[in-house]
Amino acid sequence: MSPDVPLLNDYKQDFLLKRFPQTVLGGPRLKLGYCAPPYIYVNQIILFLMPWILGGIGTLLYQLDILKDYHTAALSGGLMVLTASVIQGTSLYAKGKSVMVQRMLATDILAEEDKHEFTSCASAETVRFLIPGKKYVANTVFHSVLAGLVCGLGTWYLLPNRITLLYGSPGGTVILFILGWMTLCIGEYSLIVNTATETATFQTQDTYEITPLMRPLYIVFFVSVDLAHRFLVTVPALEQMNQILHVLFIFLPFLWALGTLPPPDALFLWAVEQVLVFGLGGSTMSTHLRLVVMFVISAATAVISYFIPSTIGVVLFMTGLGFLLSLNLSDMCFVFKHSVTRCRASTKSKALPSDSEKQFTWKECLVCIIMLGLALLETGLLHQYAVFSQVSRSSSQAIVGCILILLLLILCILREIQSIYIFGLFRNPLYPKDVQAVTVFLEKQAKLLKIGVLRRILLTLVTPFAMMAFLSLDSALQGLHSVSVSIGFTRAFRMVWQNTENALLETVIVSVAHLLISNTDSWWNRSLDTGIRLLLVGIICDRLIQLMSKLQFAITILVASWTEKKQHRKTTTTLCLLNLIFSPFTLVIIVFSTLLSSPLLTLFTLPVFLVGFPRPVQSWPGAVGTAASACADSVYYYQTVPRLTAALQTAMAAGSLGLLLPGSHYLGRFQDRLIWIMVLEHGYTYCCVNIKGLELQETSCHTAEAQRVDEVFESAFEQEENVKLYSLNKHFGNVLTPCTVLPVRLYSDARSVLSGIIDSHEHLKEFKDDLIKVLVWILVQYCSKRPCRPEHVDSSENKERTPVIILPALNSLPPPTPVEDTHSLNSLASDDWSDGSIFDDAPTINRGKEEQIQFNYLASTNLPIPGSVDSWRVDDHSTGTVLENDFYRTVLLGYPAVDKGKQEDVVYIPLVEFSCSQSRFLSLPEEWRSACVSVSKMKEMSSLFPEDWYRFVLKQLECFPSEEKSSSVLEEIAKDKSLKDLYVHTVMTCYVSLFGIDNMAPTPAHIQRVYNGILPWSSALDWLTEKPELFQLALKAFRYTLKLMIDKASLGRVEDFKELSTCLKEYDSDWYIGLVSDEKWKEAVLEEKPCLFSLGYDPNMGVYTGRVLTLQELMVHVGKLNAEAVRGQWANLSWELLYATNDDEERYSIQAHPLLLRNLTVQAADPPLGYPIFSSKPLTVRLC
């Protein structure tokens, strides 16, 4: 890729140059790109200034002392409501007219979309162009009323006397008045005339017309502060805030145009999330619904704690609710629901979870109850101790603080030694050096995991109780509590369990500050209680972590744009110099973005930094895991996720992935697969994650970044023994920092070229011989596993079995047939049918007398319809008396019906006589016995049938329960000639169907076509395709034979029948051999079949390839990504696609970037902006 590829193509540049002025002005389209009548612009200017005109009337009356200020606001608001109603009514009238706007002919697509033909200044076409109107009538009314409210309050807000009273400067009043009304006009135009496309776009579609409310809501917020100051004059903070906001008010259009201020939906979710995390001690939630519900419950907890009169009651209430809300409540509800279901309907046990799952869940619940009881007991006792021991209370709290400092150091050390790098910079000397030696690596890693168990015990059992002791001994809980105490300590007791590591850090900082700041008159000790101190420290720590990540992200972009040749554009030098000259301004942008906890937006991923609008940690509006660009490769991630989740459980519990914070991103890599992991929610002993799978069919950009990922991991994990003990991270500037290696049972993907095997004449000749053997083996196995099964082979129990039909052999002569019966047979002489043997269903010309006699014999045997009442009958034949069961009789497609003249028409079936009574259990289905190959051809092909192999396969069967007599029975079955003839007929017919009637040596192309299910034309093709089950068995045998040929060429020849049988059994039990596109391939992957094989062809290289998937334990490299780099690139992606509509697949911002991993980051975004091929629902990872 050339580094000077346009950021936007010409089409998009023209589009953006038209859209951006419209966004700045709130909706007026003053740049159309074509010549429009002057009244189009005049009408838009009049509509734009209408609020100022109406507000100016009220302002003038107020300045003349005719009206009071609130009367002025009411007058302006009422006029605005009336005007807005007229505007919306005009729009509805224009929509109702049937005149359609005619498009002007144009070659440019963009111009064709925008050009309109206007007939007059008040025509329906003009009105529809100026005022598009609302989609819903309710919004028409609501927006009109809101427009009046905004205009009235805005008039009150911008009264000159009011502004002069705030600042005491007439010049400043004029500036604020003029620019303030410009802001109001922009907000009103967007609300009632034409809504501009906002740069701050959160939802991909504005279904409920929320976007028009964005600008008026910010105006109402500014005015509300002024109203509060009017009625609460004695509060100095409100006056200062009002003065600041009046100045900031005139910059609102600038902030709207830059996309710094969030839309209402994003603002709501962001505000709820920030208050829940930093004000109430909770965590970000995995879904928006959980977030809102948890916020309501947490806020109610803080409110209730304020009204509890007893101090001991407050402490116990905060402790209990803090612990319960930090648990995964959905799991608790799941247990409760199923326990109630089991009590109400014990018979429906199948609908409940398995016993192991219930025991595990109930065991967890029991542990939680015990922990809750111990926590309540500890806080209650220590609180009472603090009440009665005023002297030693402070010293006891100081001692607990020292213990917490020691715990923090120990936990930090134990966490850092679990990962490959200490603090992301120095290589851990205790970590195994080379992961290639899997056995040695796992042994060394097991030792580290034992240390991780100690860390987990300290973190989940010791540290929370130590912190609760610190809080319970605090003096602020001894007297009457205030609002600050209720908020601060509700958060503190919740954080102890919700995020123990962060809470420990905050508590240690507060404890150290208390020891260092001994002056009791200082602001820290006098004005703040411990709960509020912890709250402030928590916010500061979070913002400092964000600031460091944002600075690293900004520096990486600057350095990469200068040092990386492929990222060096013509404008790079200018941009770098500007950033250097205006570095204080750039730093201010980064700090402001940090304070708002909003992403640092890098425009087109260039070193142009903007403040993105605040949004939830998830960055996307949709529910997690509901959308993905699914394809055939998605199934591999479906199989991966459960195994990977189990491995993540061990790594997260041990601390191998570092500090687990909601919003953290991790990247997993193994073979050609890339896995994106995001932490959504964190609580006591659990963590919710979302796992995404990126595409396997790598593009050039994807490949370039994947290679860089491999380099980063290889430099970290694959080192020689003579490397320095404390080596540095060579890729420290990369957004990816290696963490650990996870052993996961996954599919390895191996591809090989089959040249020299599939095109070898020797191998192809053996292939034909082996195919017949495999066909025999598969058909025998199929028949032995059919539902009809012998329970015993003892002859004494023959009376309880279904009798077998024993008829004279088809080559023996039956008794003479009456002359009248031969007449009907003679009429069939012209038909090409023969029934001399089981193969003689094929067409033939000459008939012998023996064949006619045999037909006459069958005609004299009255065979009832299968399944009829008279299905059991005793017939006397020369061979003896036989019980017949017509269940085994089926009409065969190859045999003609016999016309008996005046007798009743009956279908006659030549039935096979088995010399062994047990042969019927291995007999082929009767619908497979029809013939389609000529007798001569069948006799010729039958010489290829491997009789020794056939007998060997039969003797190896284990379908008879009685082991003592099964061998003798199988010996008798193997000698049954009739059964063998059936197999010869079916096997050789399938053989002809697969290779054709000419029996020529197969070519590689022929093998691939048949492997794919495309059979050559032959007389047996229709015969086989009409039997779907047999067709699948034949295709399965063909594929098994191909795999056998490849294995023989690679591993050596098969020595004897036993080895061949073992090999085929392995294929049947441990392999799926088929096509990657088959549904059964996906099923085999999900069922975790040990091995899979597929044949392919590479048209570029002109070679045949084999693909083998093997289920084995693989090493998955996992690294932590810079969360702010991900959020910043996602913010640019949202702006670029939703606002600039720059969806060019070759755009600059999606090209490979070795340090930012830009292409992979774009892929991992939620659809429709990103395109991961797999995205999981929120997955709960238990950390205990």
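Every residue gets a Cβ built from N, Cα and C, even glycine.
Your range for transmembrane segment, going by TrEMBL and the list 136-159, 448-471, is 136-159. Looking at 74-94, 767-787, 977-997, the range tied to transmembrane segment in TrEMBL is 74-94. Counted over residue pairs separated by six or more positions, the transmembrane segment (244-261) shares fewer than 3 Cβ pairs under 8 angstroms with the transmembrane segment (314-336), which leaves the two as not touching. Between the transmembrane segment (136-159) and the stretches 39-62, 74-94, 171-193, it is 74-94 that has the most C-beta pairs under 8 angstroms. For the transmembrane segment (74-94), the list of distant contacts is 47, 50-51, 54-55, 57-59, 61, 67, 124, 127-128, 131-134, 140, 143-145, 147-155, 188, 192-193: same-chain residues at least six beyond its ends, Cβ to Cβ under 8 Å. Residues of the same chain lying 6 or more positions beyond the ends of the transmembrane segment (314-336) and with a Cβ under 8 Å from any Cβ of it are 281-282, 290, 294, 297-298, 301, 304-305, 308, 358, 361-362, 364-365, 368, 371-372, 375-376, 379-380, 383, 468, 472, 477, 481, 486, 489-490, 493-498, 683-686, 688, 1180.
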